[in-house]
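**Q** First the structure, then my questions, so here it is.
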Amino acid sequence: MEADVQRAQQAQLEKGSSVPPWTGIPLQKGLGQRLRQHVNPLQAQYQQPTPPPHWERVYRRLGQPLHLDIGSGSGRFLLRMAQEQPDWNFLGVEIRQPLVERANAWRDELGLDNVHFLFANINVSLRHLFAPGDLSRVTIQFPDPWFKKRHHKRRIVQPRLVADLALLLQPGSPVFLQSDVREVAEEMVDRFLEHPQFWNPYQGPIDDNPFGIPTEREWQCLQLGLPIYRYWLERR
């Protein structure tokens, strides 16, 4: 049923005249395999930390501020961000390896040297990838909702993740959260605000995406008139 709904939504989008803001991003190249929509991050195969890459080989200008996108999906959002903000470095972390491989292939096609995608379970690997103060900005957008209560422990924003980000983010750095599921968005915010190092300067949700570049799920929601719940938090 979910697949039928997604196909219907995609068909509706393709009939529209609006053009998604991924100009220059290859949209048709397939994975060559069937991809699981959801991956259980608690499975044994995802419990080993991913070692950090040789950062000097990843980024041409290593000293630029680093934006971490957690759950980067297909990577189109981050590829476009890298085009728009060449004075930033971008890292997308994704647990579905085929998406990571394709996103890095797209990056190479586009000739970008300020963006990289990494296959990792972020809740296991985060503290192994960075040193305190390495991160300047974090986005977590439309994470898997894991609706069943017994599956909530699979959700990406857990207390351990928040504590690690508090250590790794520079003071004053933003954390941008969004979801089309109100309960998921509010839970993410609550988890961050339970930690004394994070606060909400807006005292509630915000209306717009401050980056002006939507993810694919966000674009779908906008075209279909579905609500999106957005929050901009900051590291104290």
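Backbone N, Cα and C atoms are what each Cβ position is placed from, and that goes for glycine too.
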**Q** Out of 1-23, 24-46, 208-230, let me know the one Swiss-Prot marks region 'Disordered'.
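**A** Range annotated as region 'Disordered' by Swiss-Prot: 1-23.
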**Q** Let me know which member of ASN114, ASN121 Swiss-Prot also records as binding S-adenosyl-L-methionine at the site of ASP69, GLU94, ASP144.
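**A** Given ASP69, GLU94, ASP144 bind S-adenosyl-L-methionine in Swiss-Prot, the matching entry from ASN114, ASN121 is ASN121.
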**Q** Which site among GLU94, ASP144 has the most other CB atoms no more than 10 Å from its CB, taking these as binding-site residues?
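**A** Result for the most crowded candidate: GLU94.
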**Q** Write out, in the order they occur in the sequence, the residues of the chain not among ASP69, GLU94, ASN121, ASP144 that have a C-beta within 8 Å of the mean position of the C-beta atoms of the recorded S-adenosyl-L-methionine site.
**A** ILE70, GLY71, SER72, GLY73, VAL93, ILE95, ARG96, ALA120, ILE122, PRO143, ILE156
**Q** Counting Cβ neighbours within 10 Å across all chains shown, tell me which of the binding-site residues ASP69, ASP180 comes out on top.
**A** ASP69
